[in-house]
Structure formats: C-alpha cells, structure tokens
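Per Swiss-Prot, the feature domain '4Fe-4S ferredoxin-type 1' maps to 2-31; the stated evidence is sequence analysis. The [4Fe-4S] cluster 1 binding site annotation in Swiss-Prot covers 11, 14, 17, 58. Residues or ranges marked as [4Fe-4S] cluster 2 binding site in Swiss-Prot: 21, 48, 51, 54. Here Swiss-Prot flags 39-68 as domain '4Fe-4S ferredoxin-type 2'.
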C-alpha cells in the first residue's frame, strides 16, 4: 500500500524528521524559506511504511510533515470525490 509524505512550508529545517525515519525516506534539500536554508524532502516515498515517526519528531506547532496512509492519500490531496 502506498503512502504520501507531505512537507509543508512551515518546515524550519531542523532535520528531526530525517533523523527519525528508520528507512531514509526523507532527506534535506536547499531552500531559502527559513533560517536553516534547507527543507525536508521525500524522494523515496515508495519505501515509507507509515510509522509516522517523522510526524512525532517534528517540533513545530504546525506539524510541518504529514504522512497520509493508503486511503487517506486520495482524500487528503483532494483527489477523492
């Protein structure tokens, strides 16, 4: 079952989510939108098992990273009718 990982622009570039992921689904990429000049990216979502450790590790009040499991993926991305 595939999962979607969405990184929001409230990411502060702290790397907590990247370090929390046991399967290296996430990585940091350059971004000028925060002081850290980097943002989380999810280039390997096919490896995501939906453990949501990245969500738990996120220190922002906005939960800058979200994992949408299976059926949630279509609904959360606005693709379901």
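We count from 1, first residue shown onward.
The backbone N, Cα and C atoms fix where each Cβ goes, glycine too.
Least crowded of the binding-site residues (51, 54), judged by neighbouring Cβ atoms within 10 Å of its own Cβ: 51. Of the listed binding-site residues, namely 14, 48, the sparsest CB environment within 10 A is found at 14. In the three-state DSSP classification, residue 51 ([4Fe-4S] cluster 2 binding site) falls within coil. Summary of the [4Fe-4S] cluster 1 site environment: with the site residues 11, 14, 17, 58 set aside, the chain residues having Cβ atoms within 8 Å of the Cβ mean position are 12, 13, 15, 16, 18, 40, 54, 57, 59, 60, 64, 65.
Distances between the Cα of residue 17 ([4Fe-4S] cluster 1 binding site) and those of the binding-site residues 48, 51, 54 are shortest for 54. Within 10 Å of the C-beta atom of residue 11 ([4Fe-4S] cluster 1 binding site) sit 22 other C-beta atoms, taking all shown protein chains into account. Taking the Cα of residue 21 ([4Fe-4S] cluster 2 binding site) as the reference point, the closest of the binding-site residues 11, 14, 58 is 58. Secondary structure of the domain '4Fe-4S ferredoxin-type 1' (2-31), assigned with DSSP and counted as helix (H, G, I), strand (E, B) and coil, comes to 5 helix, 9 strand, 16 coil.
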